[in-house]
Amino acid sequence: MTTQNSEPKTLNSQLSTPNSELITQDSKTRCTWATSDPLYIKYHDEEWGKPVYDDKTLFEFLILEGAQAGLSWITILRRRDSYRKAFADFDVKKVAAFDEKDVERLMNDAGIIRNKLKVNGAITNAKLFIEIQKEFGSFSKYIWGFIPDGKPIENKIEKMSDVPPRTELSDKISKDMKKRGFKFFGTTICYAHMQATGMVNDHLLTCCAR
């Protein structure tokens with residue numbers, strides 16, 4: 001069973017390849033991790049590293065990143081539609097109101113990761129997400145507020161092995177969110193969330209999606 005303190009297998013741990021840093025596919029140059037699975041390629045080209053300011057999408061990634069802890073990201077991507085259905089289309093108010101019957105329903109849903117700690121953590125995080133919305137006006141204002149100028153951090157990544165698993169900023173955000181009670185949001189998962197929502201751009205300098 002995965003616990004919050006387990007080292008998560010985030011996308012970062014899958015970024016390097018032993019033989020090459022770039023692979024050209026369909027006449028496009030991409031980050032190496034996006035070259036094997038069509039679902040990965042679509043996610044890489046259309047979502048990863050693109051700035052997200054919409055609270056609903058930020059909540060979606062909070063749920064998905066938490067579910068990923070200890071697993072590969074592709075495992076979660078393949079279940080994304082199931083998560084959307086199971087978690088009320090990622091409606092934070094509805095998820096925050098989930099009760100024991102909902103927990104039982106989720107634990108019997110073969111379309112998602114049936115880990116009770118993660119399921120309960122998602123419900124707890126939904127409640128805390130709403131508290132942050134009330135305090136800051138939106139979750140987006142809260143989390144983007146950790147970046148001084150509010151603009152995405154453009155890292156100069158020449159090879160995928162240069163991508164960090166965490167940074168001082170992810171440490172800071174994770175520490176604050178864990179202090180507020182958030183579950184499954186250690187610094188490594190936090191950094192993966194920052195990448196997914198475009199707070200940082202870790203695409204290769206030569207990547208078509210940069």
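In case you wondered, yes, glycine gets a Cβ from its N, Cα and C as well.
Copied over from TrEMBL:
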REGION    1-22  region 'Disordered'
BINDING   Cys31, His44, His203, Cys207  Zn(2+) binding site
- [ ] Other than Cys31, His44, His203, Cys207, which residues of the same chain sit close to Zn(2+)? List them in sequence order, counting a residue when its Cβ is within 8 Å of the Cβ centroid of the site.
- [x] Arg30, Trp33, Ala34, Asp45, Trp48, Gly49, Asp202, Leu204, Cys208, Ala209, Arg210
TODO: Determine, from DSSP, whether His44 (Zn(2+) binding site) sits in helix, strand or coil.
DONE: helix
Task: Which of Cys31, Cys207, the listed binding-site residues, has fewest other Cβ atoms within 10 Å - done: Cys207
Open item on the list: Applying a 10 Å Cβ distance cut-off over all chains shown, what neighbour count does His203 (Zn(2+) binding site) have?
Closed with: 23
TODO: Compile a sequence-ordered list of residues in the same chain as His44 (Zn(2+) binding site), six or more apart from it, whose Cβ lies below 8 A from its Cβ; state 'none' when nothing qualifies.
DONE: Arg30, Cys31, Trp33, Ala34, Ala209
Task: In three-state DSSP terms, the structure that Cys207 (Zn(2+) binding site) belongs to - done: coil
